[in-house]
Amino acid sequence: MAAAKKAVLGPLVGAVDQGTSSTRFLVFNSKTAELLSHHQVEIKQEFPREGWVEQDPKEILQSVYECIEKTCEKLGQLNIDISNIKAIGVSNQRETTVVWDKLTGEPLYNAVVWLDLRTQSTVEKLSKRIPGNNNFVKSKTGLPLSTYFSAVKLRWLLDNVKKVQEAVEENRALFGTIDSWLIWSLTGGINGGVHCTDVTNASRTMLFNIHSLEWDKELCEFFGIPMEILPNVRSSSEIYGLMKISHSLKAGALEGVPISGCLGDQSAALVGQMCFQDGQAKNTYGTGCFLLCNTGHKCVFSEHGLLTTVAYKLGRDKPVYYALEGSVAIAGAVIRWLRDNLGIIKSSEEIEKLAKEVGTSYGCYFVPAFSGLYAPYWEPSARGIICGLTQFTNKCHIAFAALEAVCFQTREILDAMNRDCGIPLSHLQVDGGMTSNKILMQLQADILYIPVVKPSMPETTALGAAMAAGAAEGVGVWSLEPEDLSAVTMERFEPQINAEESEIRYSTWKKAVMKSIGWVTTQSPESGDPSIFCSLPLGFFIVSSMVMLIGARYISGIP
C-alpha cells in the first residue's frame with residue numbers, strides 16, 4: 001500500500017517560545033498565520049536562598065530539543081511535511097543571565113532569572129557611584145538601576161563564582177541572555193555556534209546604548225564588564241545561522257533551517273499583536289505582566305516610573321522602533337504560589353472556579369510583592385501582603401483577590417502610561433496564558449473601565465517570533481506589509497461596573513500597596529540572612545507567626 005502523500009500547506013515557520021515557566025515550539029502557516037501544531041514542557045525554578053531564583057541552562061536547552069522533536073512528530077501524524085519549515089524564530093524570557101564555557105559548551109553557573117533579588121546590595125553600592133543618581137544609566141539605556149536587569153547579575157557572577165572568574169581570565173567565557181545561549185547551541189555550540197543577540201534583548205542588559213544601538217563602553221567600565229564576553233548585536237529579523245544536528249535531536253530534524261528571528265518575549269508579543277503604529281499597546285499576562293506601548297522612532301522617557309526600551313528592528317536596514325514599558329514582576333506567578341506554596345488550589349485552572357464561587361474578594365486585598373515592586377514604584381523593600389481579612393474570608397476570596405491584584409497592577413501601569421503619552425488608550429489588547437481566564441479578563445475591563453480585547457489565537461509571542469523569522473532577508477516567506485497581514489478575530493470584554501465602584505476598589509488597593517513598602521531591609525537577599533526578623537521584637541514575631549499559622553489553617557479548611 002502506498003504511503004499517504006504529505007500535505008503541502010505552503011511555507012511554514014517555527015518558533016521557540018522560551019519563558020520563565022515553560023518552553024514551547026510552535027509551527028505556523030506563513031500565509032495564514034494559522035497555528036498548526038505545538039508542544040510544551042514546563043521548566044523548573046530553583047530557590048536556593050530567600051530572594052534567589054535560578055534555572056538550569058542545560059534543562060532549558062534540552063526542553064527546546066524535546067519541544068522541537070515532539071512538534072515534528074505531531075506534524076508527521078497530521079501528514080504535514082516538516083521540510084516545509086523554512087525558518088525558525090526565537091522568543092525568550094528577557095534579562096535572565098547565563099555565562100558558559102565556549103570550549104566545552106558547559107554553563108559555568110545556573111541562569112540567574114530576571115526575578116532574582118540577590119544583587120540588591122550591589123545595586124545600592126553602584127547607585128552611590130552614579131553622578132546625578134540614576135540618570136547616568138537611564139539616559140543611555142532607558143532603564144533604572146535595578147536588580148531586574150542583566151548587568152548587575154553578571155557583575156554578581158564575576159564577583160562570586162570562581163569558575164566564571166577563571167573562564168573570563170582565560171578567554172573562555174561567553175555571556176548571554178537566554179536567546180544567545182539557545183542560538184549559540186542550536187547553530188553548533190562548540191562547533192561554530194553563533195554568539196549573538198538582538199537589539200530587544202540587548203536593550204534589557206543595562207549595558208546597551210539604545211540611541212547608538214551598540215554596547216556602551218562607559219557602561220561596561222562602570223559595571224566592570226569585559227566587552228569581549230558580550231554577544232554580537234543583530235537586528236530582530238535576519239539570518240543568524242543554520243540549525244545543526246544535535247545528538248539530542250532525533251534524525252537531525254530541521255537540519256540546515258535558518259534561525260532568522262529573535263525578540264525578547266514582550267517585543268515578540270507586540271509584533272504578534274501587530275502593534276506596528278505609534279500609540280498602539282498590548283499587555284501580556286504571563287509569569288509577570290508587561291504593558292508595552294509603541295512610541296515609533298522616538299525614545300520617550302517616562303516621568304512616571306516606566307521603562308524606555310527597544311520594541312523591535314525588523315531587518316538590518318530597517319528603522320528601530322521604541323516602546324514605553326510597564327513591568328509587573330508577579331502575575332501568573334501568584335497563581336503558581338497559591339498552588340505550590342499554600343496548596344489552596346491543585347491546578348492553575350482551578351483558581352477561576354474558586355473566584356467564580358464568590359464573585360468578590362469581600363474587602364480582601366492581595367499585594368504579591370514577592371520580589372519587591374517593579375513599575376511604577378521600583379521599590380525593592382516591598383513584600384507581599386494580604387490584608388482586609390475577616391472571619392468570613394475563605395480561600396475563594398483569597399483566589400479572587402489574587403486575580404484582582406494582577407488587574408490593579410495593570411491599572412497602575414496604564415495610568416502612568418496615559419500620563420506619559422498624554423493620549424489615554426480607548427481599549428487594551430491582551431495576550432498570554434492567563435487571558436484564558438474569563439473572570440480575570442472581565443475584572444481587568446472593570447478595573448480599567450475600558451474594553452479589553454483578546455485575540456482568538458492567544459499565541460502572539462510565538463507568532464511575533466515566527467513573523468520576524470519568516471520576513472527576514474534571504475527567507476522572505478512572511479510579508480509584514482499591512483495589506484498582507486492576516487485579520488485576527490477578537491473577543492471583547494466590556495466594563496460591567498460603574499466608574500465610581502471601579503475607583504473605590506482601586507484607591508483601596510493603593511492603600512494596601514503603601515502598607516507593603518518598606519517591609520524589609522534590602523541586604524537580606526544577597527546575604528541569605530532574613531534581616532527583617534532582626535528588627536522585630538521576639539514576642540511580636542512569635543505572636544504574629546502564630547496568627548498567620550492559624551489563619552492559613554482556617555482558610556485552607558484544616559480543623
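Using N, Cα and C of the backbone, Cβ positions are placed for all residues, glycine too.
Residues annotated as ADP binding site in Swiss-Prot: Thr20, Arg24, Thr287, Gly332, Gly433, Asn437. Among the features that Swiss-Prot reports, sn-glycerol 3-phosphate binding site is placed at Thr20, Arg94, Glu95, Tyr148, Asp265, with the record citing similarity to another entry. The ATP binding site annotation in Swiss-Prot covers Thr20, Ser21, Ser22, Thr287, Gly332, Gly433. Residues or ranges marked as glycerol binding site by Swiss-Prot on the basis of similarity to another entry: Arg94, Glu95, Tyr148, Asp265, Gln266. Residues annotated as beta-D-fructose 1,6-bisphosphate binding site in Swiss-Prot: Gly252. Marked as Zn(2+) binding site by Swiss-Prot: Glu501. The transmembrane segment annotation in Swiss-Prot covers 532-552, and the record cites sequence analysis as its basis.
Overlay of Swiss-Prot feature records on the structure.
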residue : record                               : CB count, 10 Å
Thr20   : ADP binding site                     : 23
Ser21   : ATP binding site                     : 17
Arg24   : ADP binding site                     : 21
Arg94   : sn-glycerol 3-phosphate binding site : 26
Glu95   : sn-glycerol 3-phosphate binding site : 26
Asp265  : sn-glycerol 3-phosphate binding site : 29
Gln266  : glycerol binding site                : 28
Thr287  : ADP binding site                     : 26
Gly332  : ADP binding site                     : 21
Gly433  : ADP binding site                     : 20
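Annotation for Asn437 (ADP binding site): spatial neighbours Ile351, Glu352, Leu403, criterion Cβ-Cβ under 8 Å with sequence separation of six or more.
Cα of Tyr148 (sn-glycerol 3-phosphate binding site) to Cα of Thr20 (ADP binding site): a span of 14 Å. Under the DSSP three-state reduction, Arg24 (ADP binding site) is assigned to strand.
Same-chain residues that are not part of Thr20, Ser21, Ser22, Thr287, Gly332, Gly433 yet have a Cβ within 8 Å of the Cβ center of the ATP site turn out to be Gly19, Gly286, Ala333, Arg336. Taking Arg94 (sn-glycerol 3-phosphate binding site) as the reference point, the binding-site residues whose C-alpha atoms are within 10 Å of its C-alpha, out of Thr20, Ser22, Arg24, Gln266, Thr287, are Thr20, Gln266. For Thr287 (ADP binding site), none of the binding-site residues have C-alpha atoms inside a 10 Å radius of its own C-alpha, out of Glu95, Asp265, Gln266, Glu501.
Geometry remark: Glu95 (sn-glycerol 3-phosphate binding site) versus Gly332 (ADP binding site), CA distance 18 Å. Taking the centroid of the Cβ atoms of Arg94, Glu95, Tyr148, Asp265, Gln266 as the glycerol site, the other same-chain residues with Cβ within 8 Å of it are Gln93, Thr96, Trp114, Arg204, Gly264, Phe290, Ser327. Cα spacing between Gly433 (ADP binding site) and Asp265 (sn-glycerol 3-phosphate binding site): 13 Å, rounded to the nearest whole number. Of the residues the record lists as binding ADP, namely Thr20, Arg24, Thr287, Gly332, Gly433, Asn437, the two whose Cα atoms sit farthest apart are 20 Å from each other. When the C-alpha distances from Asp265 (sn-glycerol 3-phosphate binding site) to the binding-site residues Thr20, Ser21, Ser22, Arg24 are tabulated, the minimum falls on Thr20. With all protein chains in the displayed structure included, the most crowded Cβ environment within 10 Å among the binding-site residues Ser22, Tyr148, Glu501 is that of Tyr148. Ranking the binding-site residues Thr20, Ser22, Gly332, Glu501 by Cα distance from Gln266 (glycerol binding site) puts Thr20 first. Spread of the glycerol binding residues is 15 Å (greatest Cα-Cα distance among Arg94, Glu95, Tyr148, Asp265, Gln266). For the recorded site, Asp265 (sn-glycerol 3-phosphate binding site), the DSSP three-state label reads helix.
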